[in-house]
Amino acid sequence: MEQLRAAARLQIVLGHLGRPSAGAVVAHPTSGTISSASFHPQQFQYTLDNNVLTLEQRKFYEENGFLVIKNLVPDADIQRFRNEFEKICRKEVKPLGLTVMRDVTISKSEYAPSEKMITKVQDFQEDKELFRYCTLPEILKYVECFTGPNIMAMHTMLINKPPDSGKKTSRHPLHQDLHYFPFRPSDLIVCAWTAMEHISRNNGCLVVLPGTHKGSLKPHDYPKWEGGVNKMFHGIQDYEENKARVHLVMEKGDTVFFHPLLIHGSGQNKTQGFRKAISCHFASADCHYIDVKGTSQENIEKEVVGIAHKFFGAENSVNLKDIWMFRARLVKGERTNL
């Protein structure tokens, strides 16, 4: 009933305005080191028992906090997602609740209905075509290894990393996704992130710090970059700069699953093309919401709620939990809590 009331409140506000072979399922780091040497077989904390992951895959995720599945999403699906994104850019479709983001270096006078103007769309839960990504059997089969059978799609994004303007604003600072999430436990949350084309260090691939998912949530804020920082691009304020990093070179359809405490980011896009990826954060429907007031997450709560009030009016009483309950969609099993 509480979920329905929260969703109804935001609806009113908005109204106002197939398993791969074992050889194909591997991680492909291109820098840094990874390890499973310290893993103790009797201790599985981050993966659940089923017949999808091999023992080696479970060990890898347990130790490193991420796992790359090669060639998981078919080309045909990726092309459909690309086509829908282009329609959104041309304003041919306007899904309810969608957030469209542009690079901080693009002035308002330059805005035009073009793929070149949009760096990311998120919250596409009302776009049937893009949201298909969150329901693909190929994706959910692996998601269930981390969340269990009752699965909620919590946060959706299609990222269109632009060529860097020279100010390095196409970078994404090192961060932990849990900073943005007012729900727990973290071990029952996972991100699926799929490359929509060849992704390398040249066009700004993901970089991860293996094993950092075993730590705690660190304080985040905007980094002090001379060229500016994009909206919501919070970064960790305190981390080991010399810690080993792994750059994930991926091909179209490759998908990385990673823990929300894993420290990760991405570099500049040094090419003239737009680097595309589509992703969804999934959580067990058995997770619960928390109050982030008085914690390191309070700054992102104030920012998100402030943006909601800006768009929907401060007279509408919307809190962070309402916003997340409105975004959340059941994709498998039963909606037991979230």
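Keep in mind that glycine also has a Cβ here, set from the backbone N, Cα and C atoms.
Just so it is clear, the model here is predicted, and its values are computed rather than measured.
Between Ser21, Ser107, Ser279, Ser317, the residue that has phosphoserine written against it in Swiss-Prot is Ser317. Per Swiss-Prot, the Fe cation site holds His175, Asp177; the candidate it also names there, chosen from His247, His264, His288, is His264. Swiss-Prot lists Met157, His175, Gln176, Asp177, Trp193, Ser266, Arg275 as 2-oxoglutarate-binding residues, and of the candidates Lys116, Lys120, Lys321 the one it assigns to that same site is Lys120.
Contacts of Lys120 (2-oxoglutarate binding site) defined by a Cβ separation under 8 A and a same-chain sequence distance of 6+ are given as Val100, Met101, Met157, Leu158, Ile159, Asn160, in order along the sequence. Of all residue pairs in the 2-oxoglutarate-binding list (Lys120, Met157, His175, Gln176, Asp177, Trp193, Ser266, Arg275), the one with the greatest Cα separation is 21 Å apart. Lys59 (N6-succinyllysine) carries a helical DSSP state (H, G or I). Straight-line distance linking the Cα atoms of Lys252 (N6-succinyllysine) and His175 (2-oxoglutarate binding site), rounded to a whole number, equals 24 Å.
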